[in-house]
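Participant: Okay, here's the structure, questions in a sec.
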Protein chains: 2
Amino acid sequence: MRVLGVDPGLTRCGVGVVEGVAGRPLTMIGVGVVRTPVDADLSHRLLAVEQGIEQWLDEHRPECVAVERVFSQHNVRTVMGTAQASAVAMLCAARRGLPVALHTPSEVKAAVTGSGRADKAQVGAMVTRLLRLSAPPKPADAADALALAVCHIWRAPAQSRLQQAVARHTSHATKGRTA
Amino acid sequence: MRVLGVDPGLTRCGVGVVEGVAGRPLTMIGVGVVRTPVDADLSHRLLAVEQGIEQWLDEHRPECVAVERVFSQHNVRTVMGTAQASAVAMLCAARRGLPVALHTPSEVKAAVTGSGRADKAQVGAMVTRLLRLSAPPKPADAADALALAVCHIWRAPAQSRLQQAVARHTSHATKGRTA
């Protein structure tokens, strides 16, 4: 499975492609950051994010896109930009018919470090180890994007079993109502 | 000037096209709502919003898109969806090279009713009167989209004078620094 992880942001949008399956060593295919100028018009920044994500999709052809789920507890201005950048990433994936998975920051941290409250340095260190890199990817947004992709590869089997169970339950329930 | 007003939302995204210039009677060209299913995947809902907005842009060829500026004071879940739907609208406009203007809800209310705290009914009544319609457009999201377009046509001359002044000031300042 080849996954594009996206740590959404307007100023720096982290992107990382990881390939592999749960239980086997994973491989980093690429990592980077899509940047947009802080002083540009919001609509042009969103367009630049779209163009950046499209390039990554074209170049690396992932089968799935994992995006950080945005919460609005944090700084109000930042969160709006993050939500909007994440919308662009999801839209690019959906347009190509790629499945989109959302993972919360604590799910990602727990997946790669064992603790949902790990700090940036810990996430960077584990990403470096798990993908056998020579140094932690910089900036942190790039490392976070790789962590998201790793998290997705490891969680995907459990998530797909869960979805199948929900689908079975729903179809039974519907049959029950129709009868 | 022909303006597409967008009242962003995932469940109901209001769209309205108005033509005219400040100081002359305005004409409604079209009004409607782009809907997406509540139980669909978020990425598919964003894709449906994009397809809807694209249809309106193709059909009515506006010169400018006015989108409601989203604030995060309100309900957290709703605001994230609204921010994401607005990102899609801005992106569609930017991709075509159309200018995007953002207006706050109170700017829109003040423009069409004279009060920034007017209720939905008052906005609907004034949109009906200003565009000489036989009845208020329904749902409220559709009326709000028309109000946004009207607000933009009326505010555009002042905004463009302001932008020119800022541009002049900035270019003077830059010259000052370079010298």
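Using the three backbone atoms N, Cα and C, a Cβ is placed for every residue, glycine included.
On a predicted model such as this, the values are computed, not experimentally measured, just so you know.
Okay, these came from TrEMBL:
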ACT_SITE  A:D7  active site
ACT_SITE  A:E68  active site
ACT_SITE  A:D141  active site
BINDING   A:D7, A:D141  Mg(2+) 1 binding site
BINDING   A:E68  Mg(2+) 2 binding site
Participant: Which of the three DSSP-derived classes (helix, strand, coil) applies to A:E68 (active site)?
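Facilitator: DSSP assigns A:E68 (active site) to strand.
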Participant: Let me know the DSSP-derived helix, strand or coil state of A:D7 (active site), please.
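Facilitator: Going by the DSSP assignment, A:D7 (active site) falls within a strand, counted as strand.
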Participant: Using a Cβ cut-off under 8 Å and a sequence separation of 6 or more, which residues in the same chain sit near A:D7 (active site)?
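Facilitator: The answer is A:C13, A:G14, A:V15, A:E68, A:D141, A:A142, A:D144, A:A145, A:L148.
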